Amino acid sequence: MLQGIDLEVYPGEILALLGPSGCGKTTLLRVIAGLEGPDAGRVLLAGREITLLPPERRGIGFVFQDYALFPHLTALGNVAFGLKGEDRWERARRALERVGMTLFQDRKPGELSGGQQQRVALARALAPGPRLVLLDEPFSSLDAGLRAATREEVRKVLKEAGTTALLVTHDQEEALSFADRLGVMRGGRLLQVGTPEEVYLRPKTPFVAQFLGRTNLLPGEGKGRWAETCLGPVPLAEPAFGPLLLSLRPEALKLHPPGEGPQGEVVAREFKGHDLTYRVRLLSAPEREVLVQESPAAPYRAGDRVGLTVVGEGVALEGPTPRAPVGTD
Amino acid sequence: MTLRLPHLPGLLPFLLPALLTGGGVALPLLYLVLRALEAEPQALREILLRPKNLELLGNTLALLLGVLLLTTFLAFPLAFLTTRTDLKGKRLLATLLALPLALPGYVGAYVLLAATGPGGVLPWPRLEGYGGALLVLSLLTYPYLFLPLRAAFLGLDPSLEEAARTLGLSPLRAFLRATLPQLLPALLSGYLVVGLHVLGDFGTVSLLRYETFSYAIYLQYSAAFDRVYAAWLALFLLLLTGGLLLVEGLLLRRLSLARTGKGSGRRARPVRLGRLAPWAYLLVLLPVLLALVLPLYALFHLASRFPRENLQGLLEALLHSALAAGPAAALAVGMALPIAYLAVRYPSFPARLLERLAYLGYAVPPLAFALAWVFFSLKGLPFLYGRLPLLLLVLAFHFLAESLGPIRGALHQVPRRLEEAARTLGETPTGAFLRVTLPLLWRGAAAGGALAFIGAVKELPLTLLLAPMGYSTLATRVFSYTQEAMFAEAAPFALLLALLSAAFVGVLLWSERRF
């Protein structure tokens with residue numbers, strides 16, 4: 001179920017659609033590819049309406065989540081499938097070369113590893129020279145170790161080919177690192193579109209703020225360039241007035257020995273190697289807990305009294321103010 | 001994805017043949033109704049009120065119930081013994097027990113007539129009429145009940161029966177109250193197939209002279225030449241078949257609530273037979289002996305008396321059988337492909353309807369179907385009547401449902417994503433089907449073709465009514481020789497048929513690993 005999606009992808013860019021499973025992102029891809037028909041709305045490619053064109057006449061490449069390689073054809077046969085003309089084998093070979101798979105051209109999909117299948121699928125989608133290539137959770141079937149490396153490679157191949165790409169994923173790290181721009185979807189709606197930095201640093205809704213990494217949601221009173229909250233005054237990224245809900249990232253808070261300013265008690269400590277996240281209960285408002293990101297060397301343990309300092313900016317969110325929001329993951 | 005208007009242009013290559021096929025099944029049957037209604041009101045009343053009708057109905061129902069009862073008594077213990085006990089060689093025994101379904105009913109009737117009575121190989125009195133038909137049909141159709149029951153026993157979750165025991169039930173009551181309800185769906189589907197065979201049977205009842213609807217239709221058609229009455233009898237038979245399908249559907253619907261999930265991975269502990277084992281072997285081997293060993297022995301014996309100079313005729317009949325069944329099987333696969341494709345990929349009302357029609361062509365008693373096609377082709381396609389292409393076409397319409405099963409199964413193994421991938425690479429739906437689906441489907445198509453082929457080789461009434469003059473196949477030779485009590489002449493034809501289909505079914509059963 002998709003509602004009121006208005007999305008524009010610019011030539012040559014990589015746009016990632018991010019959302020929890022079931023939010024409609026795959027359906028959106030299938031509508032764009034022509035594999036499913038919309039009840040209303042239009043799909044345009046380079047200014048031309050293609051809403052009613054069958055998929056084979058759209059010139060849009062598709063990389064399926066499970067790759068959907070043809071099991072009866074070799075890697076080369078798969079890549080040549082969408083090509084026509086005398087030189088199709090030559091062109092298929094070049095497409096395989098681009099993804100570094102020439103060595104495996106005579107293997108059947110069943111004899112290739114997940115990462116290799118992924119590259120053949122990409123070569124197959126890119127070989128006919130589509131103006132747009134759609135990728136449906138392209139890295140989700142790869143194991144974690146392979147994922148980062150493959151991601152970088154695919155990005156390189158896409159950029160070299162100069163193809164516009166639209167990818168959907170539920171993995172926020174993937175979207176942030178892979179895309180030029182990203183859009184966050186929820187319940188069939190597109191909530192926010194922008195560069196990864198914009199969306200991460202200036203989320204517009206509580207959902208976007210929480211979906212892209214952890215954040216503290218704090219109610220407050222806007223006073224222009226800053227807001228009054230239970231942590232004291234917090235600088236705002238954009239001026240705002242009146243009651244509001246703030247998103248304050250854990251890295252915008254720092255701990256120090258108890259002294260001036262708001263104080264709290266460490267409830268939990270989550271050591272992750274490269275950083276350290278504390279969960280701190282505020283003394284002034286015992287029902288409220290906040291997340292604080294510290295350097296791995298921070299000395300505090302559960303039960304310690306600490307003081308809190310705001311070192312970053314908060315972002316005022318849109319929408320109604322929830323009554324008792326707490327810091328969440 | 002459902003069948004929606006925007007899909008239609010791309011799907012026409014599938015929809016058109018599927019519609020033609022559906023029409024090929026439905027139109028002749030509709031025409032049969034029209035033809036039957038053509039009778040004058042006076043004649044119509046006379047036809048409908050004939051006391052003969054009730055007698056035929058009684059005979060047909062008596063045979064139906066008798067066969068269902070006897071097959072139950074055979075199939076139930078056999079299925080239990082070959083799954084849940086410690087008998088040795090259960091798989092081999094099960095294959096042997098399934099083989100009798102390869103024998104066509106008219107070959108069974110032929111063996112019964114030729115081997116018994118005065119001068120027969122077996123010194124037993126000759127059984128004709130009800131007793132003979134009951135024996136032959138039961139011995140040849142019990143596998144249709146035995147196979148699903150066996151599969152159900154194998155898939156059964158033994159913990160249900162164990163739960164019933166821990167709740168204080170005796171083994172017998174636990175079986176009746178916990179196990180039996182789980183077997184009912186298999187039992188019902190088996191009953192349906194057996195019932196359709198009994199209603200559709202023509203060869204057995206006519207050779208053994210037991211007057212059911214089928215036999216009466218043939219008599220009217222061939223001897224009395226009262227075609228309107230024949231049409232009416234065919235309609236009665238169709239109604240009876242429809243009633244059977246309806247009852248089965250209603251019962252299954254009520255049952256589907258009671259049906260449980262797939263059985264657990266655990267197998268039930270086999271029942272120790274102990275001192276009962278010899279009796280169990282005897283029971284298991286009895287049908288094999290009666291339906292397989294004795295007929296083959298009698299056939300070999302009779303065939304040895306076959307006059308050598310008739311060898312030419314044997315080869316000709318074999319060739320005719322192959323020339324009719326081969327193209328018909330290819331045609332059936334060609335018809336089944338688009339129907340299966342639409343049904344699996346675009347499940348929607350029209351697709352389901354077309355598939356149902358295909359099954360209807362199989363469920364309709366072949367004699368009634370043949371008669372409908374005789375009337376229909378005389379009226380609508382007179383240039384085809386009495387020619388080989390008509391026989392091929394009607395055989396294909398009838399056996400198409402046999403190909404549908406394996407093709408459907410294979411189609412489910414080909415993910416839709418593969419076709420979608422082909423579409424995004426620039427292929428039309430037809431192109432995607434030809435370049436991706438078909439290459440992955442050929443095993444299923446070959447199995448479906450094989451099933452249709454062997455069905456068409458064994459087929460009697462369609463060939464009898466629709467083959468060109470003088471075009472005699474193995475099946476029609478067995479039938480006509482037996483009718484004239486020329487048992488020795490019929491023997492090699494019957495033997496060839498029996499061996500051919502037994503080999504086919506054996507290979508099929510083993511390759512499917514149904515056991």
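Each position is counted from 1, following the chain as shown.
The backbone N, Cα and C atoms fix where each Cβ goes, glycine too.
Residues or ranges marked as transmembrane segment in TrEMBL: B:12-37 (among others). The list of residues near the transmembrane segment (B:12-37) in space but at least 6 beyond its ends in sequence, with Cβ under 8 angstroms from a Cβ of it, reads 44, 227-228, 231-232, 234-235, 238, 334-335, 338-339, 341-342, 351, 353-354, 357-358, 360-361, 364, 368-369, 371-373, 375-376, 379-380, 393, 397, 400, 429-430, 433.
Sequence-distant contacts of the transmembrane segment (B:57-80) (same chain, six or more residues past either end, CB-CB distance under 8 Å): 97, 130, 133-134, 137-138, 141-146, 149-150, 152-153, 187, 190-191, 194-195, 198-199, 205, 210-213, 236-237, 240, 283-284, 287. The feature transmembrane segment is assigned by TrEMBL to B:57-80 (among others).
As annotated by TrEMBL, domain 'ABC transmembrane type-1' applies to B:57-246 (among others).
The feature transmembrane segment is assigned by TrEMBL to B:92-113 (among others).
As annotated by TrEMBL, transmembrane segment applies to B:133-153 (among others). Counting only same-chain residues 6+ beyond the ends of the transmembrane segment (B:133-153), those with a CB under 8 A from a CB of the stretch are 63, 66-67, 70-72, 74-76, 78-80, 82-84, 94, 97-101, 103-105, 108-109, 112, 127, 182-183, 185-187, 189-191, 193-194, 197-198, 201, 204-205, 208, 210, 287, 290-291, 514-515.
As annotated by TrEMBL, transmembrane segment applies to B:174-199 (among others). Residues of the same chain lying 6 or more positions beyond the ends of the transmembrane segment (B:174-199) and with a Cβ under 8 Å from any Cβ of it are 60, 63-64, 67-68, 71-72, 75, 105, 137, 141-142, 144-149, 151-153, 156-157, 160-161, 163-165, 213-214, 237, 240-241, 244-245, 248, 251-252, 255-256, 258-260, 363, 365.
For B:229-252 (among others), the entry in TrEMBL reads transmembrane segment.
Residues or ranges marked as transmembrane segment in TrEMBL: B:273-298 (among others).
Residues or ranges marked as transmembrane segment by TrEMBL: B:318-344 (among others).
The annotation domain 'ABC transmembrane type-1' is assigned in TrEMBL to B:318-508 (among others).
Proximity of distant same-chain residues to the transmembrane segment (B:356-376), defined by a Cβ-Cβ separation under 8 Å and at least 6 residues beyond the stretch ends, is recorded for 21-22, 24-29, 31-32, 35, 196, 199-200, 202, 213-214, 217-218, 221, 227, 230-231, 234-235, 237-238, 241, 245, 335-336, 339, 385, 390, 394, 397-402, 404, 459-462, 464-466. As annotated by TrEMBL, transmembrane segment applies to B:356-376 (among others).
Annotated transmembrane segment per TrEMBL: B:388-411 (among others), in sequence order. Beyond the ends of the transmembrane segment (B:388-411), by six or more residues, the same chain brings 21, 24-25, 323-325, 327-329, 331-337, 339-341, 343-345, 355, 358-359, 361-364, 366, 369-370, 373, 377, 381, 437, 440-441, 443-445, 447-449, 451-452, 455-456, 459, 462-463, 466-468, 471 to within a C-beta distance below 8 angstroms of the stretch.
For B:432-454 (among others), the entry in TrEMBL reads transmembrane segment.
Residues annotated as transmembrane segment in TrEMBL: B:491-510 (among others).
When Cβ-Cβ distances below 8 Å are used as the criterion, the transmembrane segment (B:491-510) is approached by residues 95, 98-99, 101-104, 107, 110-111, 114, 295-296, 299-300, 302-303, 305-306, 314, 317-318, 447, 450-451, 454, 457-458, 474-475, 477-478, 481 of the same chain, each at least six residues removed from its ends. Remark: the transmembrane segment (B:273-298) makes no contact with the transmembrane segment (B:432-454), by the rule of 3 or more CB pairs under 8 A. Counting only same-chain residues 6+ beyond the ends of the transmembrane segment (B:92-113), those with a CB under 8 A from a CB of the stretch are 78, 82, 126-128, 132-133, 135-137, 139-144, 146-147, 150, 197, 201, 203-204, 207-208, 284, 287-288, 291-292, 294-295, 298-299, 454, 458, 460, 475, 478-479, 482, 485, 487, 490, 494, 497-498, 501-502, 504-506, 509-510, 515.
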